[in-house]
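Presented below is the structure to which this report refers.
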Amino acid sequence: MRILEGNLIGQDKKFAIVAGRFNEFIVSKLIGGALDAFKRHGVEEENIDLAWVPGAFEIPLIAKKLAKSGKYAGVVCLGTVIRGATSHYDYVCGEVSKGIANVSLDTEVPVIFGIVTTENIEQAIERAGTKAGNKGFDAAMAAIEMANLLENI
C-alpha cells in the first residue's frame, strides 16, 4: 500500500491570502497567524501576496482569480462572520463555504477555508489567537500540506 501525504515544507512555494476587511481587527490577527505559519515553514515573505476584499462574501471571486493565475501553490481565505439579529449570517456563511469549495474543486489548487464563523464576538476573538488557537495559522498549515500532497500525486 502506498500512503500519500503532504509535508509542511513551504520553501520555494508561493501562496496568496484573500482577506475580508469586515471585522478587520479580528481578521488582522488571522493574517498574522497565517504569516507566522508560512514563515515558520520556509515560505519567504516575498512569496506571499495579500488581497483585501470588502467582506467574506467577496472572497471566493478573488480566490478564484488568484488560483486560476497559476502563480500560487495555494490560496488561504480569511475572514470573520459573526451572527447578528437577522438571517444574513446564514446566507453569507453558506455561500462563502460553497464558493471556496467550488474554487478549489474547479481549479485543482488548494483554496483553504479560514473563515471564522461564530455566534458572538468573544468566540471570534478566541479563534484569532487566544484560547482556541489561531485559525489563520491553521489555514496556512493546511495550504502548505495540501500543496505538497498535490505535488506527490
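Backbone N, Cα and C define each Cβ position, glycine as well.
Site annotation (Swiss-Prot): 5-amino-6-(D-ribitylamino)uracil is bound by Ala56, Phe57, Glu58, Thr80, Val81, Ile82, Phe113, and the candidate from Phe15, Phe22 recorded at this site is Phe22.
Nearest Cα neighbour of Arg127 ((2S)-2-hydroxy-3-oxobutyl phosphate binding site) among the listed binding-site residues (Thr80, Val81, Ile82, Phe113): Thr80. Listed in sequence order, the residues of the same chain lying 6 or more apart from Val81 (5-amino-6-(D-ribitylamino)uracil binding site) and placing their CB within less than 8 Å of its CB are Ala56, Tyr89, Val92, Cys93, Val96, Ile115, Val116, Thr117, Thr118. His88 (active site, proton donor) is 10 Å away from Ile82 (5-amino-6-(D-ribitylamino)uracil binding site) when you measure Cα to Cα.
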